[in-house]
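Shown next, in structure tokens, is the structure this report addresses.
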Amino acid sequence: MAASRTLSTFRLLPLPTIPEIIKLFRLQAVKQLSQNLLLDLRLTDKIVRKAGSLTNAYVYEVGPGPGGITRSILNAGVAELLVVEKDSQFIPGLQMLSDAAPGKLRIVHGDVLTFKIERAFPESLKRQWKDDLPNVHIIGNLPFSVSTPLIITWLENVSYRNGPSAYGRTQMTFQKEVAERLTASTGSKQRSRLSITAQYLCDVQHILTIPGQAFIPKPEVDSGVVPFTPLTQPRIEQPFRLVERVVQNAFQFRRKYCHRGLGMLFSEARRLESTGKLLRLADVDPTLRPTQLSVLHFKSLCDAYRKMCDEDPHHFAYNFREELKQKSEKRG
Ligand code: SAM
């Protein structure tokens, strides 16, 4: 009890402001690493509050940069904060933060795309999937260049319960450009592969919009804060790779009727017949556009596709790009 009171009242030792740190270490935004920085600590506090209570939590921050969000996380009374930053220019400033928060901040100079978070925190934090949420969070103002592959990988981890999800239903809160795409509802223009993949595995909400001018340099689009809470029971109970295949193909031609993209799941010779069978089994109207398909529609499509793949495993091995390539080679 006494320990938790000490932790929750933790404050950082006095530090230069983020703009002073930028000046001191002559930091410069690198476009290739999508460095759109947040310097306003009131805003970073607000973002961090949206992640819920972080008291005594173990937090993994992706791309801390000069450390704005990092400070807000430390001030939220966490047990430990682990940050992974690729750009070496930010490491001395982060080291300064670490000195001001003894024993709280672990800095890894590395790449989030390869970092293994499942081994980073104590085993004792692990919870069963259906139990309460573990006190482990991922937070990040995601670098634009890697945000989509990163989110897809973490969603795959939710599905297979590995990576950050090895601790149980680890919550993730991201600051992401085009946050609307993650939370877009059926029929919305922003509906995409990312919306379906996020929404069949997690509860996702767009809870705060951050205008472009809050960042230095200003990005082209506004962004939003989106917390993800993994569901105890996914809305589609099929292997992640199968769902991904169906969703990716459905959105192949996003302005056309859905049968057009879904047809690409099947070899050209049997496309018409197999697509018809898939849509009949799933009871989905072939003239709906991909953006009009609900998660429930995708559930029916995935279940029907699974049935067809069980009957004929060639379906799952088929790749229309490979077929096109072979054809053009023959012609060549
Ligand atoms: N969190 C800081 C803020 O809000 O001001 C910086 C956010 S900036 C959008 C993205 C950060 O991620 C940058 O510091 C960048 O160097 C870092 N970054 C980009 N790609 C990375 C990668 N693959 N692994 C680790 N960090 C990366």
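From the backbone N, Cα and C atoms, a Cβ is placed for every residue, glycine too.
Unlike curated records, TrEMBL annotations are generated automatically.
Here the structure is a predicted model, which means the values were calculated and not measured.
Of the residues D111, D203, D283, TrEMBL puts just one in the S-adenosyl-L-methionine site with N36, L38, G63, E85, N141: D111. Between the farthest pair of Cα atoms in the S-adenosyl-L-methionine binding residues (N36, L38, G63, E85, D111, N141), the distance is 20 Å. On its own chain, E85 (S-adenosyl-L-methionine binding site) has G63, P64, G65, I91, L94, I107, V108, H109, G110 as residues at least 6 apart in sequence with a Cβ closer than 8 Å to its own Cβ. For N141 (S-adenosyl-L-methionine binding site), other Cβ atoms within 10 Å of its Cβ number 28. A simple way to gauge crowding: the CB of G63 (S-adenosyl-L-methionine binding site) has 22 other CB atoms within 10 angstroms, across all the protein chains here.
The Cβ of N36 (S-adenosyl-L-methionine binding site) has 21 other Cβ atoms within 10 Å, all protein chains considered.
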